[in-house]
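Engineer: Quick paste from TrEMBL:
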type     : residues  : note
TRANSMEM : B:12-32   : transmembrane segment
TRANSMEM : B:52-81   : transmembrane segment
DOMAIN   : B:53-246  : domain 'ABC transmembrane type-1'
TRANSMEM : B:93-115  : transmembrane segment
TRANSMEM : B:121-140 : transmembrane segment
TRANSMEM : B:175-195 : transmembrane segment
TRANSMEM : B:221-242 : transmembrane segment
Amino acid sequence: MSTTETTAPPGRADAGVPAVAVAGLDKTFTTSDGLTQALEGIDLAVAAGEFVSLIGPSGCGKSTLLRIIADLERPTSGEVRVFGTSAPQARLDQAYGIAFQQAGLLGWRTVAANVELPLELHGVGRSERRTRSAELLDLVGLSEFAARFPDQLSGGMQQRVAIARALAERPRLLLMDEPFGALDEMTRERMQTELARISAETGAAVVFVTHSISEAAFLSDRVVVMSPRPGRVTTTVTTGLGPVGQRTDALREDPRFFEAVTAIREALHAGSAGGSGEAT
Amino acid sequence: MNLVARRVLPPVVLGVVALVIWQATVTVLAIPELVLPSPSAILAETLAYLPVLVSAALVTGWNALVGLVIGSVLGIALALVAANARVFDELTVPLVAALAVIPIVALAPVLYTMFGADLQSARQVVAGISVFVPVFLNTLRGLRQTRPVHRDLMRAYAATRRQAMRTVTLPTARPFIFTGLRIASSLSVIAALVAEYFGGPRGGLGTFITASVAGSDYARAWSYVLASIVLGLIFYLAALAVETLALRRRPA
């Protein structure tokens with residue numbers, strides 16, 4: 001495990017400005033039984049080009065944190081900067097691409113038209129959109145499905161379309177909220193390998209929410225471990241498995257991968273024990 | 001072909017058998033025309049009065065169509081307003097729900113005095129109100145079906161309200177709107193026709209039905225009923241055809 005602060009792998013780094021910088025973030029929800037502290041004192045920095053996973057048990061606020069970075073929700077207090085601008089501004093600037101657990105494709109549009117949706121909304125011309133969607137569908141290996149409709153595709157294929165759509169505007173930051181959560185294990189591993197390749201090819205920073213330890217270990221430069229009630233960051237584990245783009249299925253049987261998995265698991269367990277007073 | 005034969009043939013056969021039984025029963029039991037005219041008598045009247053039937057159907061059909069168009073346009077437009085403005089929504093939805101309970105054709109006599117008894121407008125208004133209710137309620141329901149993930153996406157893309165409406169909200173609502181229109185299509189004919197029972201100018205199917213019954217021409221009354229059924233069917237099938245066409249997928 002590396003302990004250095006410069007976590008961005010060589011060749012992917014952008015100079016200076018971090019992709020995401022969260023400082024002293026709190027989020028309180030008003031529910032029927034009063035106030036619920038969803039997130040407390042979150043600090044998080046994601047370097048340009050870095051792949052960071054947020055992992056933790058249900059209710060630790062990992063999705064909420066991602067949604068706050070995306071400006072889909074507002075923090076109660078604290079600061080969020082995306083490439084040096086405020087989260088709302090970053091959203092308006094389309095600084096990030098986003099994918100959710102549900103692919104969320106529009107059923108009345110073809111696969112290609114779904115990928116082109118953000119481009120269409122932002123006034124990109126038809127021929128340019130066509131070129132870009134062809135490129136992206138090639139990237140996710142779905143070229144021959146361009147004219148199909150989403151319900152003719154499997155869950156894994158739909159999710160690949162959603163990833164292609166998230167990449168449409170060449171974002172330097174990709175926000176992913178359990179994008180493979182609804183897929184079976186086999187498909188899931190294949191998607192992880194593909195995402196590792198895609199994220200390296202695009203050079204985008206990724207904030208990836210998951211509750212799978214092996215998924216976090218396989219994909220990430222760093223894994224941010226969170227604990228629930230209130231949601232906090234307990235530990236950050238640096239996987240030290242080399243550049244994300246060079247990770248292949250062989251890594252899944254590599255002792256270093258198991259070490260990373262163990263480290264994350266122990267951090268998770270320490271984190272949930274930490275709720276009863278134990279320090280990490 | 002085989003499928004069509006298997007799906008179409010049985011109901012047709014059943015219909016023919018029913019007609020034969022009907023004819024036989026009326027003939028054998030010598031049922032008076034007052035109680036139930038025979039199918040052959042109704043057919044004879046239908047053929048004899050065909051031009052009158054057609055012109056009467058055109059009068060009623062036109063009233064229904066005017067009501068259908070105006071009621072639908074208003075229903076969709078107001079549902080759009082209600083979906084976008086909470087205050088308006090809270091004001092209108094209980095009112096429309098109340099409107100749905102009122103037997104709208106019961107308004108016809110009142111409307112005749114309002115619009116003047118020699119105009120078709122009252123009937124068109126009755127048809128329009130009957131149409132408005134299902135179209136408004138179904139459209140509003142459809143506009144509420146937008147999935148949270150789509151709403152999140154639109155926000156993430158910083159889409160304007162108009163863009164979100166056009167790309168996500170309206171397409172999601174489309175099947176609901178067409179369901180409303182399909183229900184409305186047959187309602188418009190029923191409303192326009194029944195409104196004629198309460199007076200107003202002559203010429204439509206409804207007035208001829210009451211006039212024939214009053215004149216003891218029972219078989220002729222039934223032939224007007226037959227024409228009403230055909231008219232309602234035409235409206236329904238037209239709405240169904242429009243729906244099928246509009247919801248058919250086309251590569252964007």
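Including glycine, each Cβ sits where the backbone N, Cα and C put it.
TrEMBL labels come from automatic prediction, so no person has curated them.
Given the structure is predicted, the values throughout are model-derived calculations rather than measurements.
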Engineer: When you scan the chain for residues with a C-beta under 8 Å from the transmembrane segment (B:12-32), skipping those not six or more beyond its ends, what do you find?
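Structural biologist: Cβ under 8 Å, 6 or more out: 38-40.
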Engineer: Considering only the recorded stretches B:52-81, B:121-140, B:221-242, state which has the highest number of Cβ pairs under 8 Å to the transmembrane segment (B:93-115).
Structural biologist: B:121-140
Engineer: Under an 8 Å Cβ to Cβ limit, what residues of the same chain, 6 or more beyond the ends of the transmembrane segment (B:221-242), are close to it?
Structural biologist: 37, 42-43, 45-46, 49, 53-54, 56-57, 60-61, 64-65, 68, 178, 181-182, 184-186, 188-190, 193, 205-206, 208-209, 212-213
